[in-house]
């Protein structure tokens, strides 16, 4: 079979765009398939990029050569640093974007990228020969051949939308569902589950009483994601490019909650119409009212969808209640007494593939050359999807080129933690990334993402040499200044919480000229040095303890009660000699580890 393309990417949402661009930029002939060309990179839910841990993922994505951070910078209308009063490890950038400008920005890159062809088509099935994917079958029956295929199907597999009692097939309002691919995946032996997501109503901007809500202006100066944008700023180019918008903060009321409680019998979520599990950390409003019954109010952010857009996104009001209930509860919220709804909120159920079916490169274990990324893997969020898309795309491209894969360690990136958690532990609800998931979070800050990852981006061919040299020069400047402070004794003073780098500089008769971003990283490095060393010692002690727990030779894993056949197979294949080695087996779940520990304790007690 001749290969018409090196790589096919199925779906051009946030994961698919990153995957397709990565493959094409590495010189591979790439086909991006999407149901609607003009819907590529559309922000299906909130019009923002970043946030807690998500901002870290975007900075890491950018450091590796991804596109999301740059697009957010160019379309940003409202910039915020979250957790600004806390430590640098948890501070995160969030950029509210002009929704239409964001999609246009990514599409302009996508459609002009050499080696990349974008085509409108639905994929109905995969073509697999002797365990290797060799192409796809389109909805019209045509076959397209490839050496690798990436599925980045988002919320579109067997998707069903809910608004109250009404149901409509589709993965997003105005878009069809992908119907045949789930059947094809099952026929190849993949297991699929069902998840749910939701989105709030879109409100008419001029129907909101903005005087009745708390204004939330954009930060100044604006903090960008991309190294390319910071380079533009250093060169004197204007930033931000879009006019700024002011958001508003309001709250639900007891009347809001009463309306929702009185109408739970009309909620598809509570009547069993929705079987898919929804995201724990972004629940619908009716779910919040039930789960947090003692809460008197819930915060709502009113976010304009662009400087000239007539629409407002009310973050915090995701719902699948009937339209009449939605309008009634919206008008019970301060500032929204006379609000008009342009589009009502809805829930979407969709198929996902449990990610323990993947290796650490995001290639499927069952079919060579087939990669999964994004919400198909059970994650939630644009940023989680985009990082997976880049990671899977790079590894697919490297495999096709016959080069070693990109395998990042948990100590190198939050994105690596994301991938590792997915493929080893799996998901039982839509997965969201948090900095707390990383045992190395003190080292994995937004501010040092380029220093950590740009060399990897350069090795695989996405980050140019001159960009890497700038990153290395900045890292040297940070190291040199930290060393100077230590030699002079000022490092010890800077470790004190009340002492800042700027204060030391202001009080000195002579002080070298240090760029602001270097000064910021120097201060963080000095203040965090002791904490990082302490955390690394603790991690080493824990690792030593696990590795010191020896498993007897010939231990009968098949006899451990409750272990799945898959877990037994993995354990017998690896034959671990210590519990530490058990913990490092890819794809072995925490539940399986617990069962092994119980069995080992029982065996030890019986000696």
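In case you wondered, yes, glycine gets a Cβ from its N, Cα and C as well.
Quantities reported herein were computed from a predicted structural model and do not represent experimental measurements.
Lifted from TrEMBL, the feature list:
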- 11, 12, 13, 14, 15, 16: FAD binding site (BINDING)
- 278-292: NAD(+) binding site (BINDING)
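On the structure: features taken from TrEMBL.
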residue	record	CB count, 10 Å
11	FAD binding site	31
12	FAD binding site	28
13	FAD binding site	28
15	FAD binding site	33
16	FAD binding site	30
280	NAD(+) binding site	14
282	NAD(+) binding site	20
286	NAD(+) binding site	26
288	NAD(+) binding site	20
290	NAD(+) binding site	17
For residue 14 (FAD binding site): intrachain residues, at least 6 apart, with Cβ closer than 8 Å: 41, 68, 374, 382, 383, 385, 386, 389
Cβ-based isolation winner (fewest other Cβ atoms within 10 Å) among the binding-site residues 278, 284: 278
Listed in sequence order, residues not in 11, 12, 13, 14, 15, 16 with Cβ within 8 Å of the centre of the FAD site Cβ atoms: 9, 17, 18, 19, 34, 40, 41, 152, 153, 154, 374, 385, 389
Distance from residue 12 (FAD binding site) back to residue 292 (NAD(+) binding site), taken between C-alpha atoms, in Å: 37
Secondary-structure category, per DSSP, in which residue 15 (FAD binding site) falls: helix
Three-state secondary structure, which DSSP defines for residue 284 (NAD(+) binding site): coil
Conformational class of residue 278 (NAD(+) binding site) under the three-state DSSP mapping: coil
Spatial neighbour of residue 284 (NAD(+) binding site) that is closest, considering only the binding-site residues 11, 12, 15 and their CA atoms: 15
